[in-house]
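These come from TrEMBL:
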type	residues	note
ACT_SITE	A:79	active site, charge relay system
ACT_SITE	A:154	active site, charge relay system
ACT_SITE	A:178	active site, acyl-ester intermediate
DOMAIN	A:25-475	domain 'Amidase'
Ligand SMILES: [Mg+2]
Ligand SMILES: [Zn+2]
């Protein structure tokens, strides 16, 4: 494997700035890596044919002495839920197969303006509904740590791409944990910003009041750098915050240097940190991380958030309800698939046949559930009650943040499970997001980063930090602090332990793909 | 919501929901979904335990109001770009099968 | 299909009390759409005034047009409504190909304005107070064209074409409470109500309110209850009755139709009905059913609208006078008698006459043209007069007559040109060479020629037979191809005879 692809984006950026490497070389290295391993991993649904061209144009701008962004020339993978005007955007659904949007998502425009090189579109659960990427209409993505296991979901393509060194950084979207849970099971980093911190314009909506776009990477600093590029107010998204955000890059750099844990009150959320469904190795690693923070001067406190117990139930009402409405636009009229029933039919027949053929099982399940939750006579009991639970969860967060500066929990209750293990049991699948969902319901930011391998299976375990709304910078600081603390203790990064998939690379090489 | 409500979910009800959602279901899908829906609804009904009348609903995680746009014309899509992804069109308009209904 | 039974109108009113209700949709004349910065324009090439938001493309998001909110509040205030301290948008979910997202962003339980009323004046000056339940903001749908089949109607069409230019145009929907006590004047009240809303939004300057363009659309609810019965009857909702005349006719028709059914012991089906302009009848549409489960929920992509007290104060201060008061004032200002003024109102031309005077024309002239030639042509073609010409064009025409550049006859010819879309009155005068010959020299030359041809005429005039001048005037007008002021020619002929 080319050493360039193993570097974090911050390192790649330094080499580019110092002209030690060109954007073209760097991009070519990543394309080679994709060619070598993606047949096994299947992180990408589409690879950008023009990536080298874009990279060359960045090199030209740099050569001409133009001022370019800090990450200019660094390749980036883009979750297929984000609209790209030069690449198909399908949300991993059959119903959007081959659709090329006539516009870019705001976050994609910002990547382009900053000179990053879009490498391609990453796989995901169809319309971001799932926790394993098994619900992709185009086949699952595999976990680079163990190809028989899931890479998390819905953003398993982005997490796997980063973990498999196919890209140093990627964009994800997180409605109930779709950035953080994949990060947990692939030993990578992912951040769900404060709701409204990053524009949703051009992100195919799953549940509008929960969705946030965010960065995926192998280091906390890389996520911070990417967040600085994509974040900030967008007048095209009414829910976008007008706040002036501090530099997340600086926050991450400060955290890695300073004694961030001195006097920091770290609140362990009782309801999210153990009990039924939590794997022993996850709990063990989580406790070890708490000890490390405590040793570094943190004050560990237990906080009670009694209403978090209702979070999954509220989530699985709010999400399907909003999704059932958001997905109504896939009707075969203006874009996407059209299936005409045998012998023709009315437009209603065509719409119903198209949606039957174009949507996968999980999408159908949630659309029907959401339709039920909103229908006459049920609204108050279901959707209405779920919105009230949301209020209670916000109140629990408010109370918890009076006792603690950051809250922590494992990022996911278990390590990566085997492909196919839970796909037929929707309720078991829904429990994967137990720890991540409360942050979406309350709009608070959450970051997930690796804290070691579970002894029983040797698979990565992640920790999640949460902060009050708008305190995203605090998460980068604390996250970077823990990352450097652990790496000092281990003497290496966690991701360096990942299998290098070189067998595949060798095979690819003999076939002339490298 | 009483415990009994989950048992109330019938195949007819799911068929009606599927019609509202414009998804044709095969008989097998209908049967499977009826069972799954009952199970899921039973699990999520839990919300009614704590959602008492004195608690206000939250529909946006971050409370904002009066987010407006000035009344100024921006860039439009070309007809070509608009129609590019359409399954069928006549060069300027999107084409759909007969509607056989009424206009709303 | 069997001919629908209708009961004689007076008989129907003897047996039943009609109860009315209206939903009027007003398209706002903002520059851009309700939730997108696409232009809000009429008559553009299909699918040119659109953005990803208008097409409901995946990933697109709505943002509220501030001007549309201001217009809606102004309308709410003018309707005497309370303005909500906090108002919210909601999604109304139903599948229809003209609705890009398959949900309409509307307002449900928290409309911007509620609990108002408006005074409506009937033909004889009777005032009726129409109670307003609510006025809410929403977005318009796209436009469907049905192809194949006989009449371009939806039934029997082979396929349909969709143009989303209108999708997302801002609407305010004004919903009345049930209106009681209109009795035999129910049809008249229906027309007067819609006409009042039309005058009001025009005076507010928030809508072009051109019914023939669909800027103003009326759904009329009618129910009957037997005399002495407390409980309301079952109502029908007649959709898209899009001219003042039709509103009146549709309400009358529904009263007669329902009365015939009820008198035979039948029951009214709660349904939407379609108005057919050509036959003057309504036909059954879709019955109300559980398919009307719109699954409303708060629009998560938009935030609440919380109008400040200052904004409401500002908009209230800028309100124009109420339509009834305005009518009284105009009648006095213009010096028309009751009949003259009522005719204008009944023809639905008050706004046109007013706007023509605002462009500088004298009221009697404005009235003469709108109520005369324009109305005559409109009736002959079965269209609304306002669809033929604009007040601005009429005022220009009047100015040309006033300045002596056109005679009435020539002006009528110019009007034809304007209606045919040949340009402004000035341009048509130029292009068709219609200007009055006001050069006395040319006229005198023509008069002398005519006198030379009829030498006895001068003597006749001098001997007191003034009517003999007619022959000369006729000859001169002919020579001038009608483009002379006959009165001036007569003056000149007499001058020469008297000299
Ligand atoms: Mg209505
Ligand atoms: Zn409406």
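Even glycines carry a Cβ here, placed using N, Cα and C.
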For the domain 'Amidase' (A:25-475), what's the model's average pLDDT?
97
Take the active-site residues A:79, A:154, A:178 and keep those with a Cβ under 8 Å from any chain B Cβ; what remains?
none
Taking only the Cα atoms, work out how far residue A:79 (active site, charge relay system) lies from residue A:154 (active site, charge relay system), in Å, as a whole number.
10
Cα distance, the residue listed as 'active site, acyl-ester intermediate' to residue A:154 (active site, charge relay system), nearest Å?
5
How many neighbouring Cβ atoms, not counting its own, are there within 10 Å of the Cβ of the residue listed as 'active site, acyl-ester intermediate'?
36
Look up residue A:154 (active site, charge relay system) in the DSSP assignment and report helix, strand or coil.
coil
Hey, what's the Cβ neighbour count for residue A:79 (active site, charge relay system) at 10 Å?
34
